[in-house]
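The next block holds one structure in the form of structure tokens; read it before the comments.
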């Protein structure tokens, strides 16, 4: 195996030397061709220069008739130069293309050789005899592992992707999970402590409110101080509000309901509002009638239809004729006067209506026709 590897290495070296010598030869040949092309161009240019000089001397003796021929010659020369330049450029391009092709072919050949060598070495290693000692097989397997690992390391260094950090006995992901679990446990403990404190405060407030509702708020606060419990400003405020509620209840007889916040409701104002509500919504008694109500009930317009309409509009219940007959003399006189007044008003209304509808062109109404109103 070692001998075959050594022979393969020597064969690769000879091939690389042959390739380099071939490349140098091809480059020298191309340089020579390029220099020869340049020399030819220089000779052509020098010859063209001499020809030009001679032609100028000849043409100086000639007249203006040959000016057109000169311009044609110049055009022909410029075209020939351009053609030569384009030819030289095309040659250079062809040479560069041929070089690139040669390189590609050499690369493909070297790849094919490498593949063949690998396949041969694999086939030989597969078909080896199995009767050799275990120590030799182990040493060979170690050598193979080393050879396989070397190009892999080289390829990893060439690759752009960063390699993962080596394992040094501690896993960072597991450490992060453990830290998170510890934080969660601490947060749970803190939350439980806060809940306990809140429950204790609520109990203290309820005790203080209950003690204040009984009436002896100051005594209860003193008792709490004597017992050693801490009296917070909230407890003191609740006791004060309970004392105010007890005072309002004693004066007005109206207590503030439990669903109201005692710190936000004034008990005296609440009692006044409740009194007003009761007066508004309580039912009227039968015997209580004011004088104005009696006058409106006994009002008479001199016409039964008008009386019925008025009572319906005002919400007055109709009384019996027997009740109406039993009336005092004073009330009877007032009713008579009301009837006369309403009759006069009706007559005046009819007169005004007839004048406004029939005599429109009589001015603003302050004429002799309005004198009849006084006589009525």
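Cβ atoms are placed via backbone N, Cα and C, with glycine included.
Summarising the annotation, Swiss-Prot assigns coiled coil to 171-214.
Following the DSSP three-state reduction, the secondary structure of residue 317 (SUMO1 cross-link) is coil. Annotation comment: Swiss-Prot describes 317 as SUMO1 cross-link, evidence class similarity to another entry.
Residues or ranges marked as SUMO2 cross-link by Swiss-Prot on the basis of similarity to another entry: 317. Annotation for residue 317 (SUMO1 cross-link): same-chain Cβ neighbours under 8 Å, separated by at least 6 residues, are 311.
Look at Swiss-Prot and you will find 45 (among others) tagged as phosphoserine, backed by similarity to another entry.
Summarising the annotation, Swiss-Prot assigns phosphoserine to 318 (among others).
Taken from Swiss-Prot, the feature region 'Disordered' covers 1-171.
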